[in-house]
Amino acid sequence: MKVSLPAFEKAKVLVVGDVMLDRYWVGPTGRISPEAPVPVVKINQVEDRPGGAANVALNIATLGGQVQLAGLVGEDDTAKALTLGVQALGVEPQWLNIADKPTITKLRVLSRNQQLIRLDFEESFDKQDSARLLKQSEALLDSVDVVVLSDYAKGAIDNPRDFIALARSKGVKVLVDPKGSDFSRYHGASLITPNMSEFEAVVGAVTSEADLLEKARGLLNKYQFDAILVTRSEKGMTLVTANAPELHIPTVAREVYDVTGAGDTVISALATSLAAGAELAQACAIANTAAGVVVGKLGTSTVSRIELIEALALHHGESGFGVVSEDQLAYALEQAKLRGERVVMTNGCFDILHAGHVSYLKQAKALGDRLIVAVNDDASVKRLKGEGRPVNQVDRRMAVLAGLASVDWVVPFSEDTPQRIIARLLPDLLVKGGDYKVEDIAGGAEVISAGGQVQVLGFEDGISTTAIIQNIMAKQ
């Protein structure tokens, strides 16, 4: 299945649920305590990250979605730290402060990228607190397309059935990250996303794939869910709906360092994708890819749009790693520049990739951190090179280029010159191979006007696509 990202900036999502602060104490350990057989950790780093429903909201914001966040907190310094954490990414929280309860905090002690212990500071909120939170959140339903209920069984989501019914009556999809063995509380939800242990806590042990599907469909019928997405760790995800065949999506994680917050990432990517107009199967594939990225990070983390673009290109793209649309590339460049990366760009037909091309692209990449290759599409090559060209279709040309270690992104263009796309992307450095003069290079004036540079690189003598084609024809 070809997977592309929808316009996340159009997504409007409300997250309601158990917010918490994930606090990390980090340091080296080199000895055992004389008081007890436990390691001594010398703390040299303290970090606070929004967790639970707050992490869901931050994931949505990081992807580019518009998000509102509602949750229960205490009247303490932890609540202030949590507020600052979400505001840092542009999320304005709608807290309900409960004076006699602490803001939920999970403190983790880490050494050498390993979690040694977790300490929880919490008291469950009362039912009336949850009722007030859900009532307060009703006023926000008219301004969103999707609601996420992030339930960690801490009291914020006690009995949301009326809230779900109201949201659905307004045409708002309701996604639930469930907790506990009573799924009747989520009756009528659009989609629930239990992991395998949460699923089995409700339906009992799953003995086979057929058994999983039968039990999932039983829940659909019993609680009037539109769909169930069971996340299955190394086995990927299984989507079950009432009126379509099941969909199994294999895992895409390459390395797993920490599963903290992986469920948050799944439901946030689902919500953002659906709110942006994606079909359910597409949204699930995006969420699966996002989860594969986040488990490769340590601690509660988010996934950026550029990370998702690259991971999708690697795992789902039909043209190989690095092949992106112009819009995807424009966003990727914004992120690259925010990270302080120097972006180099070149262009060409690259009809038959040869040693001269490879050497040239390697030189170009050495001049910066990222290399973009803009490729003439088939119609453009035919106009420039004549009948019989291109030898290779644009998808194949881009796939070969994307396989080179020196190339980060490959993007097609349809005009005879790349002036328009260069003027839009404005790399830090525009390079061209051959005997061009800088003032004659398409797009060069625009790059220089924007403060960038233009440079001419040499090609290896005696190697060209035309010469290769002529040599092949002479031997026939």
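Placement of Cβ uses the backbone N, Cα and C atoms for every residue, glycine included.
The active site annotation in Swiss-Prot covers Asp264 and rests on sequence analysis.
Using a 10 Å radius centred on the Cβ of Met196 (ATP binding site) and all shown protein chains, the other Cβ atoms total 15. Sequence annotations record features per position, and here Swiss-Prot assigns ATP binding site to Asn195, Met196, Ser197, Glu198.
Look at Swiss-Prot and you will find 1-319 tagged as region 'Ribokinase'.
Marked as region 'Cytidylyltransferase' by Swiss-Prot: 345-476.
If you take the Cα of Ser197 (ATP binding site) and the Cα of Asp264 (active site), they are about 16 angstrom apart, rounded to a whole number. For the recorded ATP site, residues Asn195, Met196, Ser197, Glu198 set the reference point as the centre of their Cβ atoms, and the other residues of that chain within 8 Å of it by Cβ are Pro194, Phe199, Glu200, Ala201, Val230, Thr231. Looking at Met196 (ATP binding site) and Asp264 (active site), their Cα atoms lie 15 Å from each other.
Each of the binding-site residues Asn195, Ser197 was ranked by the number of other C-beta atoms within 10 Å, and first place falls to Asn195. The sparsest Cβ neighbourhood within 10 Å, among the listed recorded positions (Glu198, Asp264), is found at Glu198. Asp264 (active site) sits 11 Å from Asn195 (ATP binding site), taking the C-alpha atoms as the reference points.
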